[in-house]
2 protein chains.
Amino acid sequence: MEKSKNKKNVRVNYGLAQKQVLANAGVKITFLRSKILAFAMDSKKPFSFEDVFLALRDTGIHRATIFRNLSLFKDAQILREVDMRQDAMFYEIATKGHHHHVVCKICGCVESFDMCGLDNLVEEFIKNSKEFDKISEHSFEMFGVCKKCYKKK
Amino acid sequence: MEKSKNKKNVRVNYGLAQKQVLANAGVKITFLRSKILAFAMDSKKPFSFEDVFLALRDTGIHRATIFRNLSLFKDAQILREVDMRQDAMFYEIATKGHHHHVVCKICGCVESFDMCGLDNLVEEFIKNSKEFDKISEHSFEMFGVCKKCYKKK
DNA sequence: TGCCCAATGCGACCGAGTCGCATTTGGGAT
DNA sequence: ATCCCAAATGCGACTCGGTCGCATTGGGCA
């Protein structure tokens, strides 16, 4: 796999910000990890395996490596999973604070938003629940048709 | 495929309630559809393809037939999809009124509940949204560890 | 009863994700 | 700077959920 014409430049190609994040999370820094992370940090909306694969195809990266690193980044809390009701799992940078998404069912565009009221609802549920007394995660996603796609019809 | 020892009994095996539902939705009544629907109506929690497959394996039903009919039932609004954060999609009878689920991450048990506050939150989001002015669906699922599983640890 | 189209069986195919094993490489120790 | 080993990657086979096209079967209506 070709990484750089000049062996001496490999290290500086890693990217400072990515290096920082990886070191911080106690994750070994490699060329491919910094590339994946750079892509993730640039992405303005949740992305899937395929997005990464296409973005990095010129590096010759193997499918398995992407899956392994997405999973690693999730465990290291660098990324967070986002369920977009697609076949594939989506991811986004975990530092973006808890929020939710609306997904356009036609073009797939995404709008993010805070939903301050949700935590209260979760609290309330817990009080009334017979079988659960702790909730570790919740997901709340909305689906519709965005204004652009609506006009096109 | 063996459906019944006695050809004359095929029709009465269909089941009255299921026949009703299918006819009502404008869906052609067949032996396998009534079986799938009967299973769905009996099920006390959301079920997957595999659940149906196991329940009906003695009929010799083909995988594709189950997938096709689950999809058909969804389009006909007889079933509704439930996202359980599993690999496979889950389904439940659509007449059960809008509600949500908590899923135990260990044993997979499910508790259902109403979440009256959610519609208000959706409304509020719409008002503030630049890109959407109508939401057709939303999902809200919670994940935790149920009391039984918690004790076992 | 017979006919026609829809439902089913069948099997190949697809894409997401995983795994074991051989090879390469990052980074700490010298 | 070099060496070395554990960890990362490549590779390819495999699993599993789901889809598709085509041949056969069976529902339901005339």
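In case you wondered, yes, glycine gets a Cβ from its N, Cα and C as well.
TrEMBL has this to say about the protein:
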BINDING   A:His98, A:His138  Fe cation binding site
BINDING   A:Cys104, A:Cys107, A:Cys146, A:Cys149  Zn(2+) binding site
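With an 8 Å limit on C-beta distances, the binding-site residues from A:His98, A:His138, A:Cys149 that reach chain B are A:His138. Here the Cα atom of A:Cys107 (Zn(2+) binding site) is found 24 Å from that of A:His98 (Fe cation binding site). For the binding-site residues shown (A:His98, A:His138), fewest C-beta neighbours within 10 angstroms: A:His98. Around the Cβ of A:Cys107 (Zn(2+) binding site), the number of neighbouring Cβ atoms within 10 Å comes to 12. For the binding-site residues A:Cys104, A:Cys146, A:Cys149, the ranking by surrounding Cβ atoms (within 10 Å, all protein chains) places A:Cys146 first. Cα-Cα distance from A:Cys146 (Zn(2+) binding site) to A:His98 (Fe cation binding site): 23 Å (rounded to the nearest whole number).
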